[in-house]
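One structure is given below, encoded as structure tokens.
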Amino acid sequence: MTRLENDTFIRALLRQPVDYTPVWMMRQAGRYLPEYNQTRARAGDFLALCKNPALATEVTLQPLDRFPLDAAILFSDILTIPDAMGLGLYFSTGEGPRFERPLREEREIHSLIVPDPGTHLRYVMDAVTEIRKALNNRVPLIGFSGSPFTLACYMVEGASSNDYRQIKTMLYTRPDLLHHILEVTAQAVIVYLNAQIEAGAQAVMIFDSWGGALSHAAYQEFSLRYMTQIMEGLKREHDSERIPNILFTKGGGLWLESIMASGCDAIGLDWTIDIGEARRRTQDKVALQGNLDPAVLFSSPEAIAAEVGKILASYGHGHGHVFNLGHGISQFTPPENAKTLVETVHMQSVHYHQVS
């Protein structure tokens, strides 16, 4: 058992009393920080940075050295699993991630195997271990994975997509093939996240970035079903410590009750739903994470403080809230505005945790 200097984030996820609302930011180690860009240049490219545990550790800690954040998140990419499956991940300048061998043929789909994280994804586990050591129990470390459906989107489309034409065609014409991809990928995510926990991750998060593109029925069948499988297979305790988990579907505000039923400890919210409404609907049975529009960070300190105040007031008194953005921080965000966000959350939230 290790004693964290700051366990506010873990306590909030477990809906335990805290003195203030903890805060971290999705993509907090990223291109908006000059020091990140310098480290990335040393690595050569983004993928080389992800696969170098020493440099991944360096960039993971950079935002914590600037801001009083309450958690660190592993610096990696959601597409490590399909890359380890042999699809050939690469990054094109200005185009984002792409796969050399997207899944289009039935034979390729049925040959998918669950990669061994101890061999094919060793660099991720080494990074988790190194980051934990470098953090020296300052704050907890979050591990993560993409959701099966979001990973499948990239695996079938071969890249980002505006219309999801390839995967939705498969969904409606050959659902059996898509279910096979999702089944294998769900098992891979379980093994991958449990390996991260064994290596030192103290909480884990599933990013369902593209689940919100599905219809109501399709979301239940092709996204949430497999995330529920993951919830059932995840380690909930390691070294006598609870390992909480967060499930985030971008555009998932329609399905909060169903997401809660998956068995997750916390639901991540994007900025399109009022957090107070989300709290009423989930009845304090799960923690909530979110949900500032990242574009607010392009505005003034006064506007940032006002928008933070609205979210804190909407959530209201009591525990179970982790403040975050509703999606990843933009590369164009002034770092001083991120600092304003973190400090404002800490300062304004104390009021909501005081016992009257």
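Here the Cβ of each residue, glycine as well, is placed from N, Cα and C on the backbone.
Pulled from Swiss-Prot:
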type    : residues                                                         : note
BINDING : ARG27, GLN28, ALA29, GLY30, ARG31, ASP77, TYR154, SER209, HIS327 : substrate binding site
SITE    : ASP77                                                            : site 'Transition state stabilizer'
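On the structure: features taken from Swiss-Prot.
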residue: ARG27; record: substrate binding site; contacts (Cβ under 8 Å, 6+ apart): GLY328, ILE329
residue: ALA29; record: substrate binding site; contacts (Cβ under 8 Å, 6+ apart): TYR36, VAL59, THR60, GLN62, PRO63, ILE73, PHE75
residue: ARG31; record: substrate binding site; contacts (Cβ under 8 Å, 6+ apart): ASN37, ARG40, GLN331
residue: ASP77; record: site 'Transition state stabilizer'; contacts (Cβ under 8 Å, 6+ apart): PHE46, LEU47, CYS50, PRO97
residue: TYR154; record: substrate binding site; contacts (Cβ under 8 Å, 6+ apart): LEU79, PRO82, PRO97, PHE99, GLY146, SER160
residue: HIS327; record: substrate binding site; contacts (Cβ under 8 Å, 6+ apart): MET26, LYS250, ASP270, TRP271, PRO294
